[in-house]
Amino acid sequence: MTAPGSAPARRRVGRNTLLGWSFLLPNFLGFAVLTMAPVALLFYYAFTTWDIFGGAEWSGLDNARQMIHDSTFWNAVRNTLYYTVFHIPLTLVVSLGLAVLLNKRLRAVAFFRTVAFFPYIASIVAVAQVWNMLFSPGYGPVDALLRAVGVDHPPGWTTSADWSMPAVILVGTWREMGYFMLIFLAGLQTVPAQLYEAARVDGANAWQRLWAVTLPGLRPTTFFVIVMLTINSFKVLDLILVMTNGGPGQSTLVLAQYVYRKGFEENQFGYASAVSVVLFLLCLLVTMAQFAVNRRREA
Amino acid sequence: MERSIAAVLGAVTALSLTLAGCGSGDDASGGDGTATLTLAGWSLATTPEFKVLADGFHAANPGVSVELKEYDPKNYDTQMIADLAAGKAPDLYVQKTLKNFYTYQNGKQLLDVSDVASGLGRGANGLSSYQVDGKTFAIPYRQDSWVVYYNRALFDRARVKYPDGSWTWDDYAAAGKRLTEGLKASGSPALGIYQHVWQSTLQGFALAQTPGADLASGDFGFLKPYYTRAVGLQQAGAQVGLGDATTNNLTYQAQFGKQRAAMMTMGTWYIATLLGQQRSGDADKFEWGIAPAPQRDKSTTGASATPVTFADPTGMGINPKIKKARIDTAKKFLAYVGSADAAKALAGIGITPANTDAAAGTIFAIPGVPTDDVSRFAFTRHDTKPENPVGKYTAPLQNILNDLHTAVLSGTEDIDTAIAEAQDRAKNEVLNK
């Protein structure tokens, strides 16, 4: 046994530290070079004009001024908020409903859980293209079904400026519900069974048990799901890129796609960085507000 | 434990050295007078033109090999820009789309090859698209042109006369409607026209054929007649609507090749594709022909006039970071690329080379290529303008006009509203920025 502070103990601590760093360093270096440094640089490029070749020229607040007068940017902000405001509650309700339903001892429950999770692991390109075909106004089965049940003028879905965003929100919800259902299922295992028994003894019906036992018990899980959904909604890109490419017109152009367009299609990396910073700040503000509300509720 | 630390540190060091080794440059010039040039291409398995040029040059210059570096066709420019910025791009690279030429040229990513251009003679079409301030920065090797493809069997079935080079766009639309009616009456599900989803199917013609039309002026009124006609054709059911084409991922190869439409406008690159697909069975076997693109008015129609059409050339330039010792060899390759020999080699695989005159004999000798007078006229005689002007505003203006394209053809906005909106956006977001 060596006394703490003695030379062998110091050597052991030193060795352990070195070993720890040797495990940490390869991963951390990758993170620092590929994630941390580009993110830090983004804040610098947001104040420059840069077309990728040559150096970035400092332009102060020019990008911010341009953004204020850029109607396409504001359209993208509106569309991003539109997607977020409808996508979050819809996905929350559907995934929670599925979790409650599939938390029961049903026959083939594992099969149904897999079915609900399957969209999440399917290729986003395949998902978007198949849904596009289902929504096709001329040949798609969705409108054919609506016509069959008496809807004379079914929606144009992704070919209509009014219906393209609802179509994208529906597919986004369908795709993500399985993932959040799993998180809710895990949360449901933490709600003590005695509480349900006590509620039953008190004569609470299923609705009252959900309202008074399940939902309060799921509060930490629900908070996590809302934060994740918020971030996912603000940065939605892949689904929209394949399904509508921001159209028709600008009806589904969101901020992430606007960044992509300005950066990789028009080579305006300075302006694209400035829009990225706005997207980041928007995400940060909303998430911080959610944390503040949650803290107040818990207090 | 110490051995484990040494092993981990050793592995990290080895990895670092390996990564450093990856970054070291290599000089491909051999000491025995041989040299290797590197050339960027895409989809090498299905795009044989790069190998044809590399092999043709090697045959004429046995001491020089041209090694191909494959890029993703959809992200070619993004990947090329990244490679150029990182100093990892090949010696020579292709200007896949003309709209990005400005980015490369303005970013000083192309060597001046005016000396090569001056030696090419008068046969090379599309050269002016790569000239800035009197200097040439790329050499075109192919120059397609948009024409009308038509299915003779479907025209016969609908009892409509083949296009003869006298058509204006109104004639084209009227024929499309007659074809649709005739085909329907004969029990065929085919439509008269297929118009692909690209904005160029309308905007390319409108810009090329309308006198005084200028994209950078921010005045887009020249688009109106072209869109009004297209919307009318969609409403009449003579062509598939944009919405159905995009939601069902329709391809123009299947629409024309599988006889779902009697005619369509498309670039001459489709000649090689159609021939190949008819051979492989991916397209039906039927008699087809090409005709000059429909014109804005009668003044450019008929055998004595030169029809106005559009298409961008495809050119090749030299990466300025090429090793100095290889610059002359690279210029020699470019001179070959623009030569009559290369034109014939390209025409042999059904590609329309920039030197069209030198290649006409070769292309019409390929089995399956229509050889009637109208097809020959359409292939060899045209005033082909670039799809878009080369300039810093082209890419953002194209994005604005693509929004107009989808808004109008989906029925979201009428053409007047869409033009007014696009003009406002062009002024505020691009031109007066």
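Note: Cβ is positioned from N, Cα and C throughout, glycine not excepted.
As annotated by TrEMBL, transmembrane segment applies to A:21-47 (among others).
Residues annotated as domain 'ABC transmembrane type-1' in TrEMBL: A:77-290.
Nonlocal intrachain contacts for the transmembrane segment (A:81-103), taken as residues 6+ away from its ends with a CB within less than 8 angstroms of a stretch CB, comprise 109, 112-113, 116, 165-166, 168-169, 172-173, 176-185, 187-188, 210, 214, 218, 222, 225-226, 229-230, 233-234, 236, 254. Taken from TrEMBL, the feature transmembrane segment applies to A:81-103 (among others).
Residues annotated as transmembrane segment in TrEMBL: A:110-131 (among others). Within the chain, the transmembrane segment (A:110-131) has long-range Cβ neighbours (under 8 A, six or more residues past its boundaries) at 98, 102, 167, 171, 174-179, 181-182, 185, 238-239, 242-243.
Tertiary neighbourhood of the transmembrane segment (A:210-231): same-chain residues 84, 87-88, 91-92, 95-96, 100, 176, 180, 183-184, 186-188, 190-192, 195-196, 199, 204, 283, 286-287, 290-291, 294, 297, selected by CB-CB distance under 8 Å and a gap of 6+ residues from either end. Residues annotated as transmembrane segment in TrEMBL: A:210-231 (among others).
Among the features that TrEMBL reports, transmembrane segment is placed at A:269-293 (among others).
Remote same-chain residues near the transmembrane segment (A:21-47) are listed as 56, 58-61, 63, 269-270, 273-274, 276-277 (criterion: CB distance under 8 Å, separation of at least six residues from the stretch ends).
When Cβ-Cβ distances below 8 Å are used as the criterion, the transmembrane segment (A:269-293) is approached by residues 42-43, 45-52, 56, 59, 63-64, 66-67, 73, 76-77, 80, 223, 226-227, 230-231, 234-235, 255-256, 258-260, 262-263 of the same chain, each at least six residues removed from its ends.
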